Amino acid sequence: MKIRENYSLKALNTFGLDAKARYFCTLHKLSGIRTLTAWQQEHPDLPLLFLGGGSNMLFVNDYPGLVVHMRLETLEVLGQDADYHYVRAGAGNNWHEFVRWTIDQGFAGLENLSLIPGTVGAAPMQNIGAYGVELKDHVYEVQALDWRTAELRDFSVDECCFAYRDSYFKSVEPDRWLIIAVVFRLPRHPQWKTDYAGVQEQLQDKVLDARMISDAIINIRQTKLPDPAQIGNAGSFFKNPMIPVVQWENLKVQFPTMPGWPQQHEVKLSAGWLIDQCGWKGKREGDAGTYAKHALVLVNHGNATGAEVWNFAQGVIASVQDKFGITLEPEPRVL
Ligand code: EPU
């Protein structure tokens, strides 16, 4: 496995930012991990970053350590029981191609997660979700490697501590575990989720199957969200904030049209709405801006630097704080 120096990450992050990795390599086989542990022993002070599709990263600076591009791309049908089909996907598989592969096999479950950018291995990090389905709903286990000791461990779905855009791997022990594969259990008797705004309208009264729902989701995403191949972005740039019920009731008096979705003990707000109300939709400062059709998506119109995008994000955070007293949290990892 070759370790290169001063490698441009422009083609490897969906914002299209021209950050450089001090060191860079591509991991095609698990055996390559030995090279990484040896490298780490030689460079104990330098950090190491595993990169999937680069769809959830904002490189504000060049990366001072080693960036490892994950390319483990195996796919296997493991078997079935009365309720589920089980499939195992290597971390380096492109997420959307994997979803369509499951549909080609005749398996359902992941259709609502169609066209999410990124890789299979990155998906558990932030428990990707869309249109009423989250990754955790269909995970059986996550196979991860403690890259410092080369110990392999299977995390059951409970051990992954999945929550809204969060997981054990993201929050409890970041940078320790390298996700190498995910085992999914896909229902043999699926219940379609089509109640999210806009999905039912696309499908009308047709007899449903996974491919049809996937196609409808692709349509919706293509009309609302920018394609990273055309315009750099990392999907939603902020998480939808959760606030206490009392705060929600007060805000509702002041802003009666504010959308909110009651959760167990809190209310989930729409970050897109809050940002839109502050007048940021379609705004641009140099090449950094928000997407004209969705205020929650920050975009790189061409040659923005990570620092410019981050500076723009600070402006958005400050105005939402001023107007609504709510602190937005970035969804992507800011490096
Ligand atoms: N809205 C506005 N103005 C905007 C954008 C949105 O007012 O410019 C309001 C509308 O009221 C709209 C509501 O926000 O009804 C919700 O918008 P949308 O349905 O697009 O969903 P979202 O909450 O903004 C979340 C996920 C998306 C996911 C969609 C669909 C987060 C942070 N984002 O967005 O995930 O695709 O729901 O399920 O939870 C991602 O994580 O990168 C991502 C794209």
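Using N, Cα and C of the backbone, Cβ positions are placed for all residues, glycine too.
According to TrEMBL, the domain 'FAD-binding PCMH-type' annotation covers 15-189. Look at TrEMBL and you will find ARG165, GLU331 tagged as active site. Taken from TrEMBL, the feature active site, proton donor covers SER236.
Separating the Cα atoms of SER236 (active site, proton donor) and ARG165 (active site) is a whole-number distance of 11 Å. A distance of 8 Å separates the Cα atom of ARG165 (active site) from that of GLU331 (active site). When other Cβ atoms within 10 Å of the Cβ of GLU331 (active site) are tallied across all protein chains shown, the result is 19. The average per-residue pLDDT of the prediction over the domain 'FAD-binding PCMH-type' (15-189) is 95, rounded to a whole number.
Around the Cβ of the residue listed as 'active site, proton donor', a 10 Å sphere holds 20 further Cβ atoms from the protein chains shown.
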